[in-house]
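Quick notes on the structure that follows.
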Amino acid sequence: VMNLWPGVRLRVTEGWDEDGHHSEESLHYEGRAVDITTSDRDRNKYAMLARLAVEAGF
């Protein structure tokens with residue numbers, strides 16, 4: 001993220017869910033999922049952000 005979009009930071013908005021906000025099969029209940037966005041919340045970056053996550057092994 002730093003190299004691709006200088007000044008933009010990665011934001012983790014949720015990592016663990018115990019309140020039932022996700023589907024029953026969600027990995028959030030096991031602590032194995034995260035919801036992420038960028039600091040500028042530019043939705044046009046989301047596809048590339050997903051690609052970067054996959055390339056990083058997530």
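Glycine is no exception: its Cβ is also placed from the backbone N, Cα and C atoms.
Some features that Swiss-Prot has for this protein:
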- T13, E14: Ca(2+) 1 binding site (BINDING)
- E14, D17, D19: Ca(2+) 2 binding site (BINDING)
- H28, D35: Zn(2+) binding site (BINDING)
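Overlay of Swiss-Prot annotations on the structure.
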{"residue": "T13", "record": "Ca(2+) 1 binding site", "DSSP class": "strand"}
{"residue": "D19", "record": "Ca(2+) 2 binding site", "DSSP class": "coil"}
{"residue": "H28", "record": "Zn(2+) binding site", "DSSP class": "helix"}
{"residue": "D35", "record": "Zn(2+) binding site", "DSSP class": "strand"}
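Shown in sequence order, D35, I36, T37 are the residues of the chain, 6+ apart in sequence, with a C-beta less than 8 angstroms from the C-beta of T13 (Ca(2+) 1 binding site). The Ca(2+) 2 site is defined by E14, D17, D19, and by the 8 Å test on Cβ atoms against their centroid, the other residues of the chain that qualify are W16, E18, G20, H21, H22, H28. Within 10 Å of its Cβ, the residue among the binding-site residues E14, D17, D19 with the fewest other Cβ atoms is D19. Of the candidate binding-site residues, E14, D17, D19, the one lying closest to H28 (Zn(2+) binding site) when CA atoms are compared is D17. A simple way to gauge crowding: the CB of H28 (Zn(2+) binding site) has 20 other CB atoms within 10 angstroms, across all the protein chains here.
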